[in-house]
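Asks: Among the features that Swiss-Prot reports, topological domain 'Cytoplasmic' is placed at 1-7. Annotation comment: Swiss-Prot describes 57-120 as region 'Disordered'. Under the heading compositional bias 'Acidic residues', Swiss-Prot lists 69-81. The compositional bias 'Basic and acidic residues' annotation in Swiss-Prot covers 89-120. What Swiss-Prot records for 192-279 is domain 'TonB C-terminal', and it gives sequence analysis as the kind of evidence.
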Amino acid sequence: MKQKHSRIGLISSVFIHIVLFASFISLVEVSHSDLSDGDSPLSIELVAALLEQPQVAVAPEEVTSTEPETFDEEPEPEPDAIPEPITKPIEKPKEKPKEKPKKPEKPKEKLKKEKPKEKAKQIEALEKGPEAKQGIVAQAVPGALQGKKEQVGISNGNPNGNSASSSDTGLVNGVLGGNGNGASSNEINAYKAALQRALQHRANNAYPAREKMMRKTGVVTLGFTISPSGKLIDVTVLNSSGNQNLDAAAVQAAEATKVAPPPIGFPPNVTVPIKFSIQ
């Protein structure tokens, strides 16, 4: 606003000066012309009056530099830099190490030292009084000979008959009636059946733990000789079961078995099958 008023004042003062200057010049010219014609006192007075007018002192305008107003523009906020997505390298899944198949642990074979169990009790013949004359020999194998067989054994007895007096006779005591002419076929068959049961019982107790756990079965046919004392010697495998451990267990069971002395006429060489089965 101040600049606008100053401009108006400047223009008006210039205009007034121009008017005054023009009027002054015109008066001077008129006065010169009048003087030339004869100066009149009126023109002189007018000129003097004009000259006597006080000149209006016009103050020089202050030149104000009109600098354009500068508005401090707020800097536009820079857009937030969008962070570039960090691409992680795709990790390949680590291959799991292949587990080695575990070998089946071999169970430790515990050697069970078992005392020979007697399935049947041996009754020693007492050589006293009239019983000694009859040569009564008790039958230690249950069910081996019953009924008439026992009567035959008693009737065949004599003072010279063999009696099972040893405690090492084991699981077999045939009806060893004191018959000097030899044992009957029934006695031999009963002795052989009792021998086979004794071997089977011993083999069941000697069943290898590993084969039992793996449910290995088989039949081993053994051949051996019975000594006069009832010990099994020269044990061999005539027919293998297909498993060496079962064969070895059968041989060990036979060698550890001791029975009563065989009856007279019993063949020394015997063949017995041993069956390993899981019940």
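Placed from the backbone N, Cα and C atoms, the Cβ positions cover glycine too.
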Asks: Treating G and I as helix alongside H, and B as strand alongside E, what does DSSP give for the domain 'TonB C-terminal' (192-279) in helix, strand and coil?
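Replies: Split into helix, strand and coil, the domain 'TonB C-terminal' (192-279) gives 31 helix, 27 strand, 30 coil.
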Asks: Please work out the mean pLDDT for the residues of the topological domain 'Cytoplasmic' (1-7).
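Replies: Its mean pLDDT is 68.
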